[in-house]
Amino acid sequence: MELSRVAVALGPTGQLLLFLSFQTLAAQAADTCPEVKVVGLEGSDKLSILRGCPGLPGAAGPKGEAGANGPKGERGSPGVVGKAGPAGPKGDRGEKGARGEKGEPGQLQSCATGPRTCKELLTRGHFLSGWHTIYLPDCQPLTVLCDMDTDGGGWTVFQRRSDGSVDFYRDWAAYKRGFGSQLGEFWLGNDHIHALTAQGTSELRVDLVDFEGNHQFAKYRSFQVAGEAEKYKLVLGGFLEGNAGDSLSSHRDQFFSTKDQDNDNHSGNCAEQYHGAWWYNACHSSNLNGRYLRGLHTSYANGVNWRSGRGYNYSYQVSEMKVRLT
């Protein structure tokens with residue numbers, strides 16, 4: 001109202017000047033306080049009035065009390081695994097554990113007290129035929145097939161033919177170390193046979209079964225195989241008995257021959273000619289490591305043959321050679 005009276009007192013010219021003054025002030029404050037209010041004067045004239053700028057903010061009020069906790073949110077995804085931290089300090093030593101059970105005897109103890117032959121196993125009460133561990137003179141353990149049933153038992157089997165599943169036409173190295181399977185046919189190895197028969201006097205038994213189920217055998221007073229330096233020479237005692245007859249004495253003192261080492265007395269290689277490995281002379285009366293030909297065969301003397309038994313044209317179903325310390 002006071003402003004209106006001032007404007008009337010100034011007259012039209014004063015009102016115009018007052019209006020221009022306010023316009024100038026409004027332009028200067030446009031950047032900070034741009035709001036302009038237009039008010040009416042008497043008559044049709046109007047006057048624009050600039051609203052003042054807001055004052056400075058007052059001081060902050062006291063902090064209000066904390067609101068109630070909101071509901072717990074869902075668990076977030078696992079973060080990336082961090083690096084392993086440094087090792088912690090070494091813990092205290094734990095208490096001493098309970099004493100363990102007594103273990104199996106060591107090899108040295110087993111060698112000192114273990115069996116040397118299948119016959120020794122038999123005297124210790126092992127009456128079942130099968131594979132057993134014995135210890136050679138150099139303390140080497142050897143798994144062997146023990147025949148505890150035939151002719152009083154206690155025989156160590158070193159050769160077995162039974163089904164033709166194993167190839168016996170092999171080289172010197174194979175016969176040296178042995179080959180075959182515990183489940184069927186095998187040759188124990190000339191080194192092992194030498195070690196077994198070097199312990200003392202051993203008798204030899206040869207058991208044969210034909211494909212008609214007929215059993216034959218031949219038994220010798222002594223049997224030994226020399227070492228490799230003597231080419232595994234056959235050292236054989238006299239023939240004792242047996243319905244198979246004697247077809248091994250003609251091989252006495254002969255060296256062992258294979259397809260790759262010819263040590264026989266023949267101009268050719270008996271091992272190659274008769275497809276085997278044996279103590280060939282020139283050439284053989286027996287060939288138990290020959291081809292597995294399943295009974296009668298038209299080829300000559302190249303099967304599992306025993307001349308004084310079924311002759312040179314019959315290959316036995318089963319052949320076993322075994323020794324027993326006397």
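Cβ coordinates come from backbone N, Cα and C, glycine included.
The following features are taken from Swiss-Prot:
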BINDING   Ala282, Cys283, His284  carbohydrate binding site
COMPBIAS  61-71  compositional bias 'Low complexity'
COMPBIAS  78-89  compositional bias 'Low complexity'
DISULFID  Cys111-Cys139  disulfide bond
DISULFID  Cys118-Cys146  disulfide bond
DISULFID  Cys270-Cys283  disulfide bond
DOMAIN    55-93  domain 'Collagen-like'
DOMAIN    109-326  domain 'Fibrinogen C-terminal'
CARBOHYD  Asn265  N-linked glycosylation site
CARBOHYD  Asn313  N-linked glycosylation site
REGION    115-154  region 'A domain'
SIGNAL    1-29  signal peptide
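The DSSP secondary structure for Cys146 (disulfide bond) is strand.
Between the listed recorded positions, namely Cys118, Cys146, Cys270, Ala282, Cys283, the fewest other CB atoms within 10 angstroms of a CB are found at Ala282. Spacing of Asn265 (N-linked glycosylation site) relative to Ala282 (carbohydrate binding site) is 5 Å (Cα to Cα, whole number). Each of the disulfide-bonded residues Cys111, Cys139 was ranked by the number of other C-beta atoms within 10 Å, and first place falls to Cys111. In three-state terms derived from DSSP, Cys111 (disulfide bond) belongs to a helical segment. Long-range Cβ proximity for Asn313 (N-linked glycosylation site), meaning a same-chain Cβ under 8 A and a gap of 6 or more residues, is found for Leu296, His297, Thr298, Ser299, Tyr300, Ala301, Gly303. Remark: secondary structure over the compositional bias 'Low complexity' (61-71) totals 0 helix, 0 strand, 11 coil, with classes taken from DSSP. Applying DSSP to the domain 'Collagen-like' (55-93) sorts its residues as follows: 0 helix, 0 strand, 39 coil. The Cβ of Asn265 (N-linked glycosylation site) has 12 other Cβ atoms within 10 Å, all protein chains considered. The C-beta environment of His284 (carbohydrate binding site), restricted to residues of the same chain at least 6 apart in sequence and closer than 8 Å, consists of Ser250, His251, Cys270, Tyr274, Trp278, Ala301, Asn305, Arg307.
On a Cα basis, Ala282 (carbohydrate binding site) lies 33 Å away from Cys146 (disulfide bond). The distance from the Cα of Ala282 (carbohydrate binding site) to the Cα of Cys118 (disulfide bond) comes to 34 Å.
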